[in-house]
Amino acid sequence: MFYVSKVTPFFFALALLNLLISLFIRLSQDTSLFFVSLVFGFVGLTLMGAMYQIIPNSQNRKLSIPKVSYLVFFLILVSFYEFYTGNTESGSLFLFLGSLIFFFHLLLNVKNFYPLTVRFLLASMIYLVLSALFLYLHFKGFLPVQLSVHTLTVGSMLNAIYGVELAWIPMLIMETLNIRKGEKLFTAKQVSTLALLLAFWSMNYKLIALAGLLEFGVALYFLYLNYELFKRKRMPTPPPNVVKIFLFALLFLPLGMLLGIFSASHAQALPFSLRLHLDLILYGFGAFTIFGGMLHLLPRIVWNWKVQEKENPGFTMGDLVNERELQTFLEYSALLYALFLAVDSLFSPLHVISTVVYLVIMALFLKEIHKAFLYIFK
């Protein structure tokens, strides 16, 4: 790694705390706070932390004025303190200010806009700021919460995941992406995202369903590009376990999108279809992609951090993450996630048991990642 972001692990830790909190808030009737904790607190903060690491390295340069990243983290901490103490309007304002500073801080560090992944991440950053602005306007009573949520998930999360996985998966399986097709995906993604967000701005559910079909088509094209990579794969060895986690997560992307389209066009299926849509997209696709990303990124950040401090840090990368145990984590998590979906489909109050099931998944993940966090302080 050319640059090591020392603030990234703290963004990741706060993101995981928000994921934990979301599992309990989902049992309440506070829909807005649930979206704040899961979408903005878990997904959004993971994206911010990851981009503080990925973007400077994509430019082969150190982050300028790194203390600004700590200011951003402080503002984010304040925002979630405000959210969880009932001050949603001030919390969303601090979140927007932190996101805005984050955007300009990283933008000033981008000199080469040509790489495909960089452009995906820049689009993700733009939508991240817009989602925070829309959330603030929601709490002021001007915009629906659905617009802010989908600006982050469809706009920021998917752009970031598409861009990063189109770089990481070919690298990890030693294949080459067809750049021309990747460029087509980028263009189509920006068109489909804009169409879907305009539909949510209008809150016309027929338009949302139609625009959702366009977004679904783009997702299928992304899946096709990944299929092509594995079809051309010359090496007979199985992919790394982190890639297996990414692939497992991808199973839930088209399913979750179809449930979202179905929910928009069949109001009578609510709220069951909407809850399953959230389970598939956020607790399934989003969470397992993030789990894989953290398991790949965090140990490398910590190891390089300690190597920069002293040539022999006294531990190896294998001490931070055990590749063999990742296979076990994936196998148990897959079974538990299937149980989570099944139990969450039950009538109230039995569906509450699903929270316990997902807590076990989180415990298994923390068992794999906790050493990387602990070695920060050694």
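Heads up, the Cβ atoms here are built off N, Cα and C, so glycines get one too.
For the transmembrane segment (7-29), the list of distant contacts is 37-38, 41-46, 48-50, 52-53, 66, 69-70, 72-73, 76-77, 80, 84, 287, 290, 294, 297-298, 301-302, 352, 355, 358-359, 362, 366, 372-373, 376: same-chain residues at least six beyond its ends, Cβ to Cβ under 8 Å. The transmembrane segment annotation in Swiss-Prot covers 7-29 (among others).
Long-range contacts of the transmembrane segment (33-55) within its own chain (CB-CB distance under 8 A, at least 6 residues past either end) are made by residues 1, 3-5, 7-12, 14-19, 21-22, 25-26, 63, 69, 72, 76, 80, 83-84, 88, 91, 95, 99, 102, 106, 109-110, 117-118, 121, 124-125, 128, 131-132, 135, 145, 148-149, 152-153, 156-157, 160, 164, 282, 286-287, 290, 293-294, 297, 301. Under the heading transmembrane segment, Swiss-Prot lists 33-55 (among others), citing sequence analysis as support.
Here Swiss-Prot flags 68-85 (among others) as transmembrane segment. Cβ atoms under 8 Å from those of the transmembrane segment (68-85) belong to residues 5, 7, 10-11, 14, 18, 21, 33, 36-37, 41, 45, 48, 52, 91-95, 97-98, 101-102, 105 of the same chain, restricted to positions at least 6 beyond its ends.
Per Swiss-Prot, transmembrane segment is recorded for 90-108 (among others).
Sequence-remote contacts of a segment are chain residues at least 6 beyond its ends whose Cβ falls under 8 Å from one of its Cβ atoms, and for the transmembrane segment (115-137) they are 36, 40, 44, 47-48, 51, 54-55, 58-59, 89, 92-93, 95-96, 98-100, 102-103, 106-107, 143, 145, 147-149, 151-152, 155-157, 159-160, 162-164, 166-167, 177, 179, 182-183, 186, 189-190, 193. Feature annotation from Swiss-Prot assigns transmembrane segment to 115-137 (among others).
Within the chain carrying the transmembrane segment (152-174), a Cβ under 8 angstroms from the stretch's Cβ atoms is held by residues 39-40, 43-44, 47, 50-51, 54, 116-121, 123-128, 130-131, 182, 185-186, 189, 193, 196-197, 215, 219, 222, 225-226, 229-230, 233, 235, 239-240, 242-243, 246, 281-282, 286, 289, 293, 296, all 6 or more beyond its ends. Annotation source Swiss-Prot lists transmembrane segment at 152-174 (among others).
The list of residues near the transmembrane segment (204-225) in space but at least 6 beyond its ends in sequence, with Cβ under 8 angstroms from a Cβ of it, reads 154, 158, 162, 166, 177-178, 181-182, 184-185, 188-189, 191-193, 195-196, 198, 250, 253-254, 257-258, 260-261, 264-265, 267. What Swiss-Prot records for 204-225 (among others) is transmembrane segment, and it gives sequence analysis as the kind of evidence.
Per Swiss-Prot, the feature transmembrane segment maps to 245-267 (among others).
Taken from Swiss-Prot, the feature transmembrane segment applies to 280-302 (among others). Note on the transmembrane segment (280-302): residues 1, 4-5, 8-9, 12, 15, 19, 38-39, 42-43, 46, 50, 53, 153, 157, 161, 164-165, 168, 242-243, 245-246, 248-253, 255-257, 259-260, 317, 320-321, 326, 333, 337, 340-341, 358, 365, 368-369, 372-373, 375-376 of its chain, located 6 or more positions outside it, place their CB under 8 angstroms from a CB of the stretch.
According to Swiss-Prot, the feature transmembrane segment maps to 347-366 (among others).
Non-local neighbours of the transmembrane segment (90-108) in the same chain are 36, 40, 44, 48, 51-52, 55, 63-65, 68-69, 71-73, 75-76, 78-83, 122, 125-126, 128-129, 131-133, 135-136, 138-139; each lies 6+ residues outside the stretch with a CB under 8 Å from one of its CB atoms. Remote same-chain residues near the transmembrane segment (347-366) are listed as 16, 19-20, 23-24, 26-27, 283, 291, 329, 332-333, 336-337, 339-341 (criterion: CB distance under 8 Å, separation of at least six residues from the stretch ends).
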